[in-house]
Amino acid sequence: MLDDFFIRALVAGVGIAMVAGPLGCFVIWRRMAYFGDTMAHSALLGVALSLLLELNLMVSVFIVASVVSLLLLFLQKRGALSTDALLGILSHSALSIGLVIVAFMTWVRIDLVGFLFGDILAVSEADIDIIWGGGILVILALVYLWRPLLASTVNPELAEAEGLKPERARLFFMLLMALVIAIAMKIVGILLITSLLIIPAATARRFATSPEIMAVLASLIGALAVTGGLFGSLHWDTPSGPSIVVAALALFVLSLLPLGRPGRASHSSHGGH
Amino acid sequence: MLNIRSPDITPLVSLTNAGVRRNGRWLVRGVEFSISRGEIVTLIGPNGSGKSTTAKTAIGVLKPDEGSVERAAGLKVGYVPQKLAVDWTLPLTVERLMTLTGPLKGREIEEALASTGMLHMAKAAVQHLSGGEFQRALLARAIARKPDLLVLDEPVQGVDFSGEIALYELIKQIRNRTGCGILLISHDLHIVMAETDTVVCLNGHVCCRGTPQAVSQSPEYLKLFGRRAAGALAVYSHHHDHTHLPDGRVLHADGSITESCFPGDGHHHHDGAENVHDHDPDCGCGHHTRLHGYESAEKRDA
């Protein structure tokens, strides 16, 4: 039953989950879920442009997602509209422009559902190389940026005052997000990438006592969700993206149950007194 | 060593006619002061008077739109911001908070936590701390990195009156032990830390500046605050030559009214005879009567 394409999807998916874990923690801590969504939605515009201009798909998606995040930074600085209104405008217009361009290109046949919800059949060996190569790059960058990113998450002015560079860290963080979206798109799909970032991190929160532990746990939980989801996808012939999200949700719900850590939560809150 | 240099000569930070503008409005303008090692400068002023803006400009978080800010080369700042909320989703213990902006040795962490009386809370999540505990944890974090300049933006907020006295005593000890410069922002317009060398009263510009008067010298104050508090607190008397009107304009002592107020407008007499400005109830400075300060102190105590 374990065909080559499935092994490829599994290796790729676990690679993505490893990167999505720590990145997803920052998305939660910095309350950037909607921002991640906006970048992911703009990926379809990247897909359309890659077809139109015959560019590499991942490169094209990475560039479009980066441009959208920079555009958001610029518009935020101008301060005319609130961030969530700007995100709403950017998110849905990027998605719609992508869909419209694709509709105009009658000469290409494109599996829209595959792009939106992920397609495990689409993973090639070259994709795996990119995912693991890019993934290791993202992890290394995160390790390097960890302190300024974490400090500016707690308070950007504090980070700035004490000699870290929060603006630079934020910029790199956005580029890392764009990179992860570009490499994760094929497995999870454009519409569901954010959930792979957020749900494992949210699940990890309950068991974590430090930011670092939470990041590692989120990676492991994500890998578990990807594995479970892909097996389910294969078994029931469901699209891979939603199957992975359902598996991640199942783990999240399990983490909410008051089993596992009897009395720990209440103990720790009074432990200091 | 031949290269003997008194560290007191060059200030850690000095602001010269510094101003910050946002959306076409001056948040603060014409600010001048400097802080040297071992010196405590307290900024006071009503809400929105530009205290935090001034402090942030001094440490380089904000860039001045006019004037200049000079900082000593390699200046190490320890900062306690006015507002700091740690999201519940971020698992952060007091111990982990200590190394937020830079690595520290275990011994340094313990010493700093012990000096603010927070060592027993090292393993507690910061979200579970009370307001006063959190302030002490933040202070411990700021001093643990052994800064040249400690910037404390309303460090006694959420702290009761006796806690405030204890914090001021602690800040004094830190200054005496480490010799760092301290920029303190106070929410109280009349009662400042006794050790303060210079008080700068802001309201969009420097309204007045001076040295506070020791509480312990007046028997009435002693009675009001108690002996322990009297050693930590001092009273600051304002000497203004202008009044801030409710609409933002400024009434000068010479009777003229201007749109704004900054040293270059020719209406000030900072170097001349002292012009004590009468505090009428509409005074935009926010410090109506001197009694106001006592009331707020007593309310906090309750």
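Positions of Cβ are set from backbone N, Cα and C atoms, glycine also.
Here TrEMBL flags A:6-29 (among others) as transmembrane segment.
TrEMBL lists A:41-74 (among others) with the feature transmembrane segment. Tertiary proximity for the transmembrane segment (A:41-74) is limited to same-chain residues at least six positions away from its ends with a CB under 8 Å from its CB atoms, namely 35, 83, 86-87, 90-92, 94-95, 97-99, 101-102, 105, 108, 110, 115-116, 130, 171, 174-175, 177-179, 181-183, 185, 190-191, 193.
Annotation comment: TrEMBL describes A:94-118 (among others) as transmembrane segment. Long-range neighbours of the transmembrane segment (A:94-118) within the same chain, counting only residues 6 or more positions beyond its ends whose Cβ lies under 8 Å from a Cβ of the stretch, are 38, 41-49, 51-52, 64, 68, 185-192, 239-242, 244.
When Cβ-Cβ distances below 8 Å are used as the criterion, the transmembrane segment (A:130-151) is approached by residues 11-12, 15-16, 18-19, 22-23, 26, 58, 158-159, 162, 164-166, 168-170, 172-173, 176, 179-180, 182-183, 211 of the same chain, each at least six residues removed from its ends. For A:130-151 (among others), the entry in TrEMBL reads transmembrane segment.
Positions annotated as transmembrane segment by TrEMBL: A:171-201 (among others). Sequence-remote contacts of a segment are chain residues at least 6 beyond its ends whose Cβ falls under 8 Å from one of its Cβ atoms, and for the transmembrane segment (A:171-201) they are 9, 12-13, 16-17, 19-21, 23-28, 33, 36-37, 39-41, 43-44, 46-47, 58-59, 61-62, 65-66, 69-70, 73, 95, 114-120, 122-123, 127, 130-131, 134-135, 137-138, 141-142, 145, 149, 214, 218-219, 221-222, 225-226, 239-242, 244-245, 248-249, 251-252.
Taken from TrEMBL, the feature transmembrane segment covers A:213-234 (among others). Nonlocal intrachain contacts for the transmembrane segment (A:213-234), taken as residues 6+ away from its ends with a CB within less than 8 angstroms of a stretch CB, comprise 1, 6, 9-10, 13-14, 16-22, 24-25, 120, 187, 196, 199-201, 203-205, 207, 240, 243-248, 250-251.
TrEMBL lists A:240-259 (among others) with the feature transmembrane segment.
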